[in-house]
Amino acid sequence: MAAMPMPRSLLLILLLATPLLILPLAAAAVPTSNPDIDLEYLIKNAGLDDPTPATTATDPEDDGAPDFPGLDADYDDEDLFGDDDGPEEDSSHPSAADEAHVLLLTAANFTSVLAARRHVMVEFYAPWCGHCRALAPHYAAAASALAEQGVDVALAKVDATEDHDLAQAHGVQGYPTLLFFIDGVPRDYAGERTKDAIVAWISKKLGPAVQNLTTADEAEKIVTGDDVAVLAYLDHLSGAHSDELAAASRLEDTISFYQTTSPDVAKLFHIDPEAKRPSVVLLKKEEEKLTVFDGEFRASAIAEFVSANKIPLITTLTQETAPAIFDNPIKKQILLFAVAKGSPQFLPIIKETAKSFKGKLLFVFVERDNEEVGEPVANYFGIAGQETTVLAYTGNEDAKKFFFSGEISLDTIKEFAQDFLEDKLTPSYKSDPVPESNDEDVKVVVGKSLDQIVLDESKDVLLEVYAPWCGHCQSLEPIYNKLAKYLRGIDSLVIAKMDGTNNEHPRAKPDGFPTILFYPAGKKSFEPITFEGDRTVVEMYKFLKKHAAIPFKLKRPDSSAARTDGADGSGSTTEGEKSSGSNPKDEL
């Protein structure tokens, strides 16, 4: 998905044990000149079968893990809302004329453009990415609007599929990724992917921290135009209070701050002209229109007040609002899933609950019968049918979910939210049924069987967490199967896989698909070790030899077959094969 861009590792890698040396086989079978005939044998029989690795685990073009954005982030909201497998024509894609103010960057001109322009926003995109195509007209319109306003900024884009190294150098792990460079130094843009949001964000970055409002006409434009605005009613437009307000503004990327000394302006912002100064209010275009700041007039306190109150009491999840939800510093969420017709019965309850948890929880409404958003998000959480559902979610890093059960009322939802904050709830995890038979070389793991198979202290276990739709997972499958085939019969070693779209477990969190995790015997209480090398039989074998707690050796054919292998790598040949000059590999 996202599509969900993003450098976000969810697994802490603990390498506590000294790497084991690869042990030689018995002296009778292993010449002293070759300490690892197993590896030599494997290279001869498997290495040439997969000369091109199924990409590395750090490939930024990996299919992202549905990180309910950022489902971050390696995942972005492309995965949550549905991915495009290939290029398609899209009527919303702007023409070349529409993008007249968008610079096209490549590895050849990237450095020179950033050196020439102090402020540059760069979009790293992929032509096949649905969210990139959706962003394109907004991005082009933002570039045009900023150019018309004379703002000193350039908007540019890089085709990351063509300039892969350039994207990798800037940590791009999903599409689209937007970076804003000031004097060549980048920072992430995590706002909404709309023209107005991009223009407002850049204008805030480059404009004055606080704007003065001196007339009612100026104030009227702000009250009717801005979705959210902060106004301070001061005695003076400069001095200590103005400085504190400016400092608070710099801590907040998305909201415009204003100050005034005019009673007429204060009235338009619903401030009593006779009120004690300094006074601060936050104005929103929604049901809860006005919020009054009642804390100490310090930058940090004002910024905290704005952060807690700027978002609506409940936000409807869309592709446009997803970044603002999932990149919010408030990670814990209460989500209401309801069909459009049923939502009026439950939304007032959720909104009223939200008033008691400002700055602590995000409240999100997911329209269950919306095919573009409701369906994939419900599938991600394992919600079937269209029954009204309330759940709590800890955010992408922890990715725990808790389902509410019982009658939905103001009291019960408040209690549920409070228990969520106090960590009193029991998490729920998805799981397929445990398979009736599991006799293949690659063992099938589901959420319910992971404890028994993967966390068995007597076994070294390699686990691939995959997604059925993931192209890299499909490429890896024959290689992974071959690894398991070569290692069959080693009682201390288990090669396993788990469908990460239908199964969850707190000890197997994918950081993109595929994620390959190793659980050493006797150390199951520690975090697993992530395999990050080339996805080939030989490289995964070397990884296992290095990290396995229990030393092992290959179960190879008998000595005569082994000698034949040593000579030509074929295991055995038929007369027809000899005459044709072919040299088939031993598939064991």
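The backbone N, Cα and C atoms fix where each Cβ goes, glycine too.
Automatic, uncurated: that is what TrEMBL annotation is.
Summarising the annotation, TrEMBL assigns signal peptide to 1-28. Positions annotated as compositional bias 'Low complexity' by TrEMBL: 49-58, 570-582. The compositional bias 'Acidic residues' annotation in TrEMBL covers 73-89. The domain 'Thioredoxin' annotation in TrEMBL covers 94-207, 428-549. Per TrEMBL, disulfide bond is recorded for CYS129-CYS132, CYS470-CYS473.
For the disulfide-bonded residues CYS129, CYS132, CYS470, CYS473, the largest tally of other C-beta atoms within 10 A is found at CYS132.
Broken down with DSSP, the domain 'Thioredoxin' (94-207) shows 44 helix, 28 strand, 42 coil. Secondary structure of the domain 'Thioredoxin' (428-549), assigned with DSSP and counted as helix (H, G, I), strand (E, B) and coil, comes to 31 helix, 26 strand, 65 coil.
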